[in-house]
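So the structure is just underneath, and the comments pick up after that.
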Amino acid sequence: MASQRCLVRLLLLCLLCGAALAAKRRYLTATMDELLSYKAHVDCPPTKESVTTSGNKLTTTPLVCGLPDPNPPKCCGAGESFGRHVLNHDINRLSTLLRRSSAAVSTAPAPSAGAIPWIPSAPAPSPLVVPGIPLPPIPFPPTMPPVVSGFPFPPVASPAEAPAVTIPDSSGEYLDTLEFVVTVGFGTPARTSTLLFDTGSDVSWIQCQPCSGHCYPQHDPIFDPTKSATYAAVRCGDPQCQAAGGRCDGNGTCLYEVGYGDGSSSSGVLSHDTLTLTSSRTLPGFAFGCGEQNLGYFGSVDGLIGLGRSPLSLSSQAAATFGATFSYCLPSHNNSNGYLTIGSTPVSETVVYTAMVQKDEYPSFYFVELVSIDIGGFVLPVPPTVFTSTGTLLDSGTILTYLPPEAYTALRDRFKFTMKQYKPAPPYDILDTCYDFTGQNAIFIPAVSFKFSDGSVFDLDFFGILIFPDDVETAIGCLAFVARPSMMPFTIVGNTQQRNTEVIYDVAAEKIGFVSATSVASSSSRAILPLAHRQRPEPSLAATLRRDGARRSTHVTGTSSMRLRSSSNSGVPPVVIPTELGYSVASLEYVVTVGFGTPAVPQTVMIDSGSDFNWIQCTPCGSGDGECYPEKERLFDPRESATYAPVPCGSGACRNISAGEGDGCTEQDSRCGFTLTYADGSNSTGVYGSDTLTLAPGAVVDGFRFGCGHDQQGMATDAGTFDGVIGLGSTAESLVSQASPAYGGAFSYCLPATSAFTGFLALGRPAATAKPGFVFTPMHPSDHVAVFYKVTLTGISVAGRPLDVPPSAFPHGDYGMILDSGTVVTMLPATPYAALRAAFRRAMAAYPLAPPIHPVDTCYNLTGYSNVTVPSVAFTFLGGATVELDNPSGILVEGCLAFVGLKPDDHGNGVIGNVNQRTMEVLYDPEYGTVGLRAAAC
């Protein structure tokens, strides 16, 4: 009996050990906070509501899917759900792959003679002098060239064990594409281009000037080969021309054309130029298509990088320099970045390799031999021949994974069996296995692994198994696998299943490797880029902070019914206006001096990116006609201007302000009246009028609409002595919108560090040559506060160390961080602010604290210190853009940390104040949907 009990105990011990081993990857988990911070849904990108042609441009008007709409757009409307949109994308993708299996490039007819006339750029206009307004000289922002002139990339250290070059990659959703993108440079000097990268394509191409056919709106300025010192067209007879189909025009220039499964295409001149991968790594003589006729819908990417197996792909052309290997890591969520590495990668014990299979009928593609699938420790009862009879394609451009129907049915049934504890949700069309995780603190799902014929195993990430397709119902998750349609001749492993994994393509050794991104991140041998006064009484910081607090409620919860109406730049060069810190008008905000009326009367006005209304004080004022506070300049008298006119009742401009700016028209007066009330209770009342606005010598806005304020209440105590406000917000009555017919909807400013320096306000998008040093992040769209410009902050570093705060702790979803030139200090949610304050105080422990100035609570007494070391502070934004604040002027204001914490129950927007923006050029480009940041610009 004793021996039997011992045997039973031994068997139980073995069973327990076996269960523990089996449970190693039986389940994966993610909390709901992780889901929100990861934003792990793949949204339906905007589709074309209308297509119009103007000259040689093809212009599309996008609609945002997922919102109620009486005329729903194609991708999310009736009969076109998220799942159907993804399926259509993937079916079009399949059609593209099958077309390329026989020929990488079509033999298209040559363009007509004279279709490619490279047009030199026109010389810049000479400055004009307009008398009547004493404006100071215009300080144009200096450029900060990096290692490779004209290209905004930080240096990249070479890996210790291999001559590889690593480029950040990210989800392309902010460019209206469901695929992944990288940013590289073409030409000398390098011009930034944001491109899809695609393992199923060979020819790389970008849109090029002069767009003799059609060009669609893209993220960056269109490449102009005439401005590159290293550009050359490929000639007939060149082996690369033969690889591209061998078609030439009558001048012996090689041509190319690539077509895609949805009918879109790109055609033009096969070209050579320098490809800049990072600031220190280039590929001279890179062959690519210079596309002058680009038809169809590509989102707003600038083109495509091909990573296929033909001689024209980037990976093949780079093999001689970096080795015949490349790899990528696709980020597991849309708020982060991965990377694309060209060249050999260091050997890691965690890499799992399987054989790269080549099929004669698909010579450019990468196949593997999948034989089985494990789900939660259970191997699907599917014969290996179900997979091996057709093969399995590994593809970066297909979204979902398409399995043989027999395998998919088994996987789905087993997944449902292990998910019985969760509430089922209706299917999203082809995504037929969905769950509603509302109210769950954490989600447990069965782990899924792919097993290959040589025994290697690829373990999928949590977000490679579940996909969250609804940006409104964010707790709805669906199994990210689909049964293979009958038209699909092979199994496809899509990019969803590859997320959070480095996939290594070792073409020379004919093998493909998989390694968890967490293993890569811990490797010290890799350099992985994270995909940034005149003497007057000084203004009171305490009074300024009181006004900041009054603005807070507007920032967090305010609304506006107006929308930006931007138009394309008509070709007028940007106008640049000097900007200075408002010490001369007893203010910590920033001011510009412009002219109102004819002749122009100088007025020093505050610039405010958080306001969409323009106003100045006007006579008559006082003596029973209302109250005006003392101001810097003399009051504007509209009766003395030859071009002033009141805005009439019933006009569109009057209707624009009636909803958001107060009185509008009254029964007693045919003129349009206004009352503008600020959050602190101060207000301005008067007549809405129009007059000539002189921005700079030779730069005027005729018929500029503004409020002529005859009664200002509550502004005389501590608001400063500026003459009024210029609104730079995103609605129709702001200066930006009114000037857009001449300058376009883009603008930028640089706020100087102190009153001893001058910054600038620029209307119009800077030329491509003026963009070195910028990092870009998507402009956050929102219906909550339409007037504001918002970005998504994902992290903060102090003294080079990231705060231990998840991205979800910052405003996300429908909210973001408002970039506000009119707020002084930055307002953060309670959690990240507490972490920032603690880290900053630790780094400043050598200096004594001073009494706080509410609500700023971290102040220092620096009297007697000749040298003060202030720790660096850096912001990281959605898309990986990282920018370091100016030190110390962008971190401290009057000895205090220029940040405050919002209340724990403030769950709306945060604010990035003007102190943090000092010396930085902040470029707002609503047409491209981006915000650019350039350090040390003034």
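For all residues, glycine too, the Cβ spot is worked out from N, Cα and C.
What TrEMBL lists as signal peptide is 1-22. What TrEMBL records for 180-515, 590-934 is domain 'Peptidase A1'. Positions annotated as active site by TrEMBL: D198, D395. The region 'Disordered' annotation in TrEMBL covers 548-569. Residues or ranges marked as compositional bias 'Low complexity' in TrEMBL: 560-569.
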Neighbour count (Cβ, 10 Å) for D395 (active site): 24
Same chain, 6+ residues apart, C-beta under 8 Å of the C-beta of D198 (active site), given in sequence order: E179, L304, I305, G306, L307, G308, S396, G397
Where D198 (active site) falls in three-state DSSP terms: strand
Rounded mean pLDDT for the residues that make up the domain 'Peptidase A1' (590-934): 86
Conformational class of D395 (active site) under the three-state DSSP mapping: coil
